[in-house]
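Feature list (source: TrEMBL):
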- 20-42: transmembrane segment (TRANSMEM)
- 57-74: transmembrane segment (TRANSMEM)
- 86-103: transmembrane segment (TRANSMEM)
- 154-173: transmembrane segment (TRANSMEM)
- 203-220: transmembrane segment (TRANSMEM)
- 232-254: transmembrane segment (TRANSMEM)
Amino acid sequence: RHGAVKNEDTFKTSQFHLDLWFYFTLQNWVLDFGRPIAMIILPLEWFPLNKPSAGDYFHMAYNVITPFLLLKLIERSPKTLPRSMVYVSIIMFVMGASIHLVGDSVNHRLIFSGYQHHLSVRENPIIKNLKPETLIDSFELLYYYDEYLGHSMWYIPFFLILFIYFTGCFTPVEDESRMPVAALLLMGPSSLYYWYLVTEGQIFILYIFTFFAMMALVMHQKRKGLVLDSNGLFLFYSFIITLVLIAVWVIWLWNDRILRKKYPGVIYIPEPWAFYTLHMNNLHAAKESL
């Protein structure tokens, strides 16, 4: 029966999944973080503005490889997990990532026309002068699909699958609650990527609720005499380091008045690409003018 937990496989031993975690980290950095970088550094004549960019092809590969890796991760869980929920989450993940592919493709291509990510859609100089004004509504709709609907349908299933996997990462054997050296080496790049995911995706609420759920589960299982295995520790510690990186990021940009205007409200977490178009892009332009 799907979703049923079998007694005999509740405490199967589970070695650290070095291959899967390495592939996850590598493809996240190359295909997700590297998307906009590839689009900017590769010659524009190779990928005209009316055609998909190099970053779009990276995104397409990400949309295929990531669901496959998530399914493989679930398959290696020492505990039988609810398959129906996993499959529905994977379907939503692919839909959300695909919606984001379209919106993100157009939004990042607008950089070449002077679009500034640290400003809202209506405040951008290249947008607010459009005629008729109803075109601005169309760009706001595109932004909604990219930053809100696409991100929600992409990241909610992603974190849900990670949490479902995390529920199976408990063992009564203390010796299995140790991370190999390879896990420690991967933890830095993995945590840094999650920092990028949370800040650029503006999903701090989703991340922090997932982290709190992990903490609650750890304390609950500890009362039963169960501890996290090496894979659970890797995921849990990566989330802890991510929280520290987010705090450092926020403190560093706490007094930035322009970004404060872009991200009002109680939760202030600027996007890295907004920071780039505000500060780094201006720095590059100043160097070119010298």
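Positions of Cβ are set from backbone N, Cα and C atoms, glycine also.
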Item to check | Range from 20-42, 57-74, 86-103, 154-173 with the greatest count of C-beta pairs under 8 A to the transmembrane segment (203-220) | outcome: 154-173
Item to check | Contacting positions for the transmembrane segment (20-42) when only residues 6+ beyond its ends and CB under 8 Å are counted | outcome: 53-56, 58-59, 61-62, 65-66, 69, 72-73, 76, 104, 108-109, 111, 182-183, 186, 189-190, 193, 196-197, 231, 234, 273
Next on the checklist: Considering only Cβ pairs within less than 8 angstroms, which of the stretches 57-74, 154-173, 232-254 has the most against the transmembrane segment (86-103)?
Outcome noted: 154-173
